[in-house]
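One structure is given below, encoded as structure tokens.
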Amino acid sequence: MEIILGPQSELHKNCSALHELSTAGSRQLPNLHTETDCSWKPFDKSNYKQLLGAMDYSFLCAYAVGMYLSGIIGERLPIRLYLTFGMLMSGLFTCLFGLGRIYNIHNLSFYIFVQVANGLVQTTGWPSVVTCIGNWFGKGRRGLIMGIWNSHTSVGNILGSLIAGYWVSSNWGLSFIVPGLVIAAMGVVCFLFLIEREYCSVTGCRKIGRDFLPVDLREVSISIIRTNKEANLRCYASLSFSIQGVIEFSLCLLFAKLVSYTFLFWLPLYITKAAHLDAKKAGELSTLFDVGGIVGGILAGVISDKLGKRATTCAVMLLLAAPTVSQSLSLGMLLVCGGLVNGPYALITTAVSADLGTHKSLKGNSRALSTVTAIIDGTGSVGAAIGPLLAGVLSSRGWNQVFYMLMAADFLALMLLLRLVTKELTSANVVKPRSGSTTVE
């Protein structure tokens with residue numbers, strides 16, 4: 001999804017210099033009429049920020065809505081096939097966006113449709129992969145393991161920026177087509193090699209359809225098993241909301257992702273406008289935010305494993321992140337800001353989701369983890385949709401308004417965790433450091 005960033009500054013270029021040249025020497029430069037000549041329609045007007053924000057919003061809104069359904073669907077289908085389908089379709093729609101450049105398409109509706117479709121199919125990814133990782137590993141050192149694993153998101157953002165930046169000035173369509181082909185190829189790899197962990201009890205396993213049941217239950221009829229399965233699937237979504245901590249972490253993630261995704265979608269454009277750099281250089285510099293995110297995600301996992309306090313770890317990082325969210329973003333500050341902003345985001349979407357998705361009230365159903373993950377990440381994605389949209393509106397009044405909005409969102413994310421932090425610090429039944437699990441019950 002990150003590959004939309006680099007071409008933003010290419011869809012609407014800063015043509016003021018060309019406009020001045022064409023005005024000063026119209027005879028020498030007869031082909032340079034207005035600044036719209038060097039931008040891509042329909043993003044060549046003064047409201048280009050709102051149009052770019054609308055494209056971001058359409059993708060993220062579709063992603064947020066689809067995420068709630070994706071977790072439930074993921075429980076009913078083989079994860080390997082479900083994930084493969086999503087990656088192949090995501091590659092298709094990403095390539096379609098780039099083909100708009102190749103075939104000279106200037107219809108805004110086309111780009112909005114592609115963004116919405118891409119947002120929907122990409123919801124197949126996160127619940128599936130978190131379920132796989134959560135079932136592969138136990139609760140011991142879960143924060144560290146999932147923190148290291150989650151670094152792939154920042155690595156993907158970095159690669160997306162570099163790939164987009166490589167072609168953005170010469171042919172921005174390739175900035176979409178190449179990543180689209182890459183994700184489609186990885187979908188084939190996923191289909192061929194992904195192994196779903198078999199959930200077994202100490203008495204052994206038996207596969208019925210896609211369910212693995214203890215050997216001592218073989219005499220149970222298939223009809224009863226299927227009836228229980230349908231009943232469980234229907235109640236897991238509602239039961240997941242009743243687990244203490246799900247609502248708080250979900251709402252906290254809403255504001256945390258608002259901050260993270262606003263940086264993700266608008267940082268290259270901000271660097272282009274503020275530092276007067278070209279799109280390629282701005283894309284390269286923006287990767288420092290994601291490099292910091294890699295360190296922050298791993299650090300958050302390690303600290304939360306040691307302390308056994310997920311909410312407290314997130315709250316402290318959110319508190320420290322507030323001063324770093326400012327317009328004076330130096331190279332070092334980009335790294336620090338990326339670590340402190342993405343640390344809580346990474347922890348909540350991985351280790352916290354896995355902890356809550358394996359809550360005792362879910363009775364050990366390993367596939368219920370997909371629903372809990374989808375609920376948390378789906379709520380967070382609402383913030384991811386709102387953030388870039390607000391940034392598009394507020395940036396027209398000045399970039400300082402955008403940064404004020406980000407600081408306010410960071411503060412709200414912190415406030416939403418205060419009850420859980422208080423419970424962690426005052427509870428007599430504190431989880432031991434080795435368990436690494438969330439302390440809410």
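In case you wondered, yes, glycine gets a Cβ from its N, Cα and C as well.
Annotated domain 'Major facilitator superfamily (MFS) profile' per TrEMBL: 1-425, in sequence order. Under the heading transmembrane segment, TrEMBL lists 51-69, 81-103, 109-137, 149-168, 174-195, 246-267, 287-304, 402-422.
Most Cβ pairs under 8 Å with the transmembrane segment (174-195) belong to 149-168, among the candidate stretches 51-69, 109-137, 149-168, 402-422. Same-chain neighbours of the transmembrane segment (287-304): 142-148, 150-151, 153-155, 157-158, 161-162, 260, 263-264, 267, 310, 313-314, 317, 331, 334-347, 350-351, 436, counting only residues six or more beyond its ends whose CB sits under 8 Å from a CB of the stretch. Tertiary proximity for the transmembrane segment (109-137) is limited to same-chain residues at least six positions away from its ends with a CB under 8 Å from its CB atoms, namely 1, 4, 54-56, 58-63, 65-67, 69-71, 74, 79, 82-83, 85-87, 89-90, 93-94, 96-97, 100, 145-146, 149, 194, 196-197, 199, 349-350, 353-354, 357-358, 366-367, 369-371, 373-374, 377-378. Within its own chain, the transmembrane segment (149-168) has Cβ neighbours under 8 Å at 2-3, 5-7, 9-10, 133, 174-176, 178-179, 264, 268, 279-284, 286-287, 290-291, 293-294, 297-298, 301, 338, 342, 346, 349-350, counting only residues six or more beyond its boundaries.
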